[in-house]
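S.K.: Pasting the feature list from TrEMBL:
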- 1-22: region 'Disordered' (REGION)
- 45-65: region 'Disordered' (REGION)
- 51-62: compositional bias 'Pro residues' (COMPBIAS)
- 132-166: repeat 'PPR' (REPEAT)
- 233-267: repeat 'PPR' (REPEAT)
- 371-405: repeat 'PPR' (REPEAT)
- 472-506: repeat 'PPR' (REPEAT)
- 687-722: domain 'DYW' (DOMAIN)
- 716-735: transmembrane segment (TRANSMEM)
- 742-793: region 'Disordered' (REGION)
- 750-768: compositional bias 'Basic and acidic residues' (COMPBIAS)
- 774-786: compositional bias 'Polar residues' (COMPBIAS)
Amino acid sequence: MLPRAIAGPATPTGFSNSPRGRSLLRRPIATLPLPSPRPFLLAGNASFPTPVSPSSPQPSPPEDATSAFVRLLKASSRSVKSLLDAGLLHSVAVKAGVGQDDRVRTGLLSLYCRCGRVDLAGKLFDEIRERDVLVWTLLISGRARAGQHREGLEMFAAMLAEGPLPNRFTLSCVLKCCVGCGDPGAGKSVHGWVLRNGTEFDVVLLNSVLDFYAKCGAFACTKNLFRTMNEKDAISWNIMIGAYLRQGDIDGSMELFRTSPYQDVSSWNTIISGQMEHGLHAIALQILHTMVDMGPRFDQFTFSTALVIASRLTMLDLGKQLHCQILRTGHAGDVFVRSSLIDMYSKCGDVHASSFVFSGSSEHTDGTVTDSISFSAMVAGYVQNGMGEEALELLRDMFQEGVKVDLFTLTSAAAACSDAGILEQGKQVHCCVEKLGHAFDVFLSSAITDMYAKCGSLEDARKAFDSSRAANVVLWTSIIGSYASHGRAAEALHLFEQMSEEKIVPNEISFVHVLSACAHAGLVGRGHAYFKSMQEDHGIAPSVEHYTCMVDLLGRAGLLDRAKDFIREKGIGNYPVVWTALLSACRVHNDAEMASWVSEQLVQLEPCESGHYVLLSNVHASTRKWEEASKLRRMMHEKGVRKRPGQSWIQIRNKVHTFVVGDKSHPEAAEIYSCLERLIGRLKEMGYASRTDLVLHDVEEEQRESILNCHSEKLAVAYGIMIGLLDLVWLVLGVQGRKGRQQASSWPPREVKAAKAAEADTVPDTRRKLGGPTKSQLSEPTQPNSLHDAHQTWVTPPSQIIHAC
């Protein structure tokens, strides 16, 4: 953080508060006693104006005018937050003839650093003739805030070579750059330079050194330095508490917190957030209650942390109480509090409330980074609640409103495409990452890899994995799971062995994918070996997911009795998902007796879950026990248990169309069924025969075939073929582009309807039924020149053209 002594006061004394100062601020800059403005142009790639001939001698502006502008820059240093405002002030300075003064350039350099445009600040830095320690400190601090830590250290080395000695504020900024680079050696070198040159230590500089050692993991050095500090403030104690928490010493941090003489709101925030980082959310909640009774009032960071606790513990009532307190204390306008509210409501399942908080903000349309936080939280909330289409729609709004799209938002968007299986949208998200110039981190790379795999493009998933430069356990687990879900167990297991050879330690999710791959490939022996290695070699305690994979492994191999004994031995009979895996295996191997017994266990655990009844009913139906299957259906009806119908969807022209079995709710249902009937007819001519044995209903053979023909997948595929042929037809007719297809989306058009109505009495019935050209059109050219001509010339409906194709 830039020290206040360097940044300058927000309101300079004796200027803006004086009568003369207020009059100068009210008057336009052009009316000040300055020379007439000179013409300017943009030099090179610079984004700010420079004089036409800077080398030619220019008259110096009056001293009082330059000083007045410098004071104006200092007065506006706190209010200027956007690049546009800084650029306007820079333009005014050049036009007014004061832009060549080093003091003015220093003030503009500070403004550009505050706006995050360190590149423009660097260009101004190169133009300053006399660079004092203030100028160097401003740019080093700006690079530290912008995350350019390595460049900040290079500037510090250049500063030492050029001559001006750094002060305590410069050294504090340099130590922050050392922390950002994660370079303990550089930080120790800076500390040694301070000791050799006899720089006087104050509490600010000591806190910077203490924070460096704490964040670089040198806990012993941190303790020794803290012990030898003669003067400690609240920041010193908070740094030390955080150091204990990083070491995992929860008791030590609590003891230090109790003995601290500075138990301010920052200390409470530190100890609460530290408990949460170690997964101790219940203890964090207890400390939060203690803070309400004994501690200071909440600030925005406390509210954000408390909302995270509510979301992690899924305590919606607590979140609502915190929301009320936020409104009462006036913290609702803080962007981090608002994003925490959106996240809390989303993770608690109340998407309506999170959307209300998001839409109620009046500050999320100016494209700033803070606005991006709110958008990102809302996009992630939609994805977490299975509303992928809404998440992608909000992402489009971000681009249209000019809001900065960060990596977190793009990662959530990739997850939305993955959940919905929308490959084209996923590719667009991937292209956005490339066009925006974002560097692929591990989480985005794994999300892109998972998206391609779940959308069926395993080759693209492998390319995304191979192109990633920073592959850790998350990315390796993602690609292993991709191959396992596609049934390519050999490749998945090979990748797992390769990951182990590269000294990457697998986690519990990695073993879930490995066991799943063994289950699909029937590798019982290797599955047991991996399950044993997970516990003995890696110290990972099996979870319910691992046990389920083992039951599935034994069940798929037909070892139903062994799977049943495994459940009893491990004491996992209270998990319904384990019994569901065994029941599915009974369905595959047609073991009705075992299926009935497993179903009884499931009904006791989850009496209202429809899937258990349906699985057992299918087992009875597959063995032609229609009465037993009918009893189960009646039992479901009596208990009010309803099965959610399966769905199939297809994306066409950036819109997802969903179908269920026998669906006739689609606006083009008649055309879809007509197209499907012709397709099935052609398939039968080619030797296709329906597998009516898959229809588990006691009906006649013709009805079984009719049920199969109305399957949701067939409806979706037929609609896709129909639309594809329709696009081909319009391409032949000369109708191109989105606008033309939208105008042609409804058939017949108004012109055709009017022409048919006018010709109803003159055109023979046979010609009208066939949809051929009217009498007036027989002499016209058959090649349309536009969409309007195509509508008037070609009267044959697309369905008949498709039939002809």
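For all residues, glycine too, the Cβ spot is worked out from N, Cα and C.
Quick one: where do these features end up spatially?
M.R.: Beyond the ends of the repeat 'PPR' (132-166), by six or more residues, the same chain brings 2, 6, 106, 109-110, 112-114, 116, 118, 121-122, 125, 173-174, 176-181, 183, 186, 190, 197 to within a C-beta distance below 8 angstroms of the stretch.
Same-chain residues lying 6+ beyond the ends of the repeat 'PPR' (233-267) with a Cβ under 8 Å from its Cβ atoms: 203, 206-207, 210-211, 214-215, 217, 219, 222-223, 226, 274-275, 277-278, 280, 295-299, 301-302.
Per DSSP, the secondary structure of the repeat 'PPR' (371-405) breaks down as 28 helix, 0 strand, 7 coil.
Packing against the repeat 'PPR' (472-506) from elsewhere in the chain are residues 442-443, 445-446, 449-450, 452-454, 458, 461-462, 465, 512-514, 516-518, 520-521, 523, 526, 538: each is 6 or more residues past its ends and has a CB under 8 Å from a CB in it.
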S.K.: Can you tell me how the residues of the repeat 'PPR' (233-267) break down into helix, strand and coil by DSSP?
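M.R.: Taking each residue of the repeat 'PPR' (233-267) in turn, the totals are 26 helix, 0 strand, 9 coil.
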S.K.: Express the predicted model's confidence over the repeat 'PPR' (371-405) as a mean pLDDT, rounded to an integer.
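M.R.: The average pLDDT of the model in the repeat 'PPR' (371-405) works out to 87.
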S.K.: Looking only at the repeat 'PPR' (132-166), how are its residues distributed among DSSP helix, strand and coil?
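M.R.: Final tally across the stretch: 27 helix, 0 strand, 8 coil.
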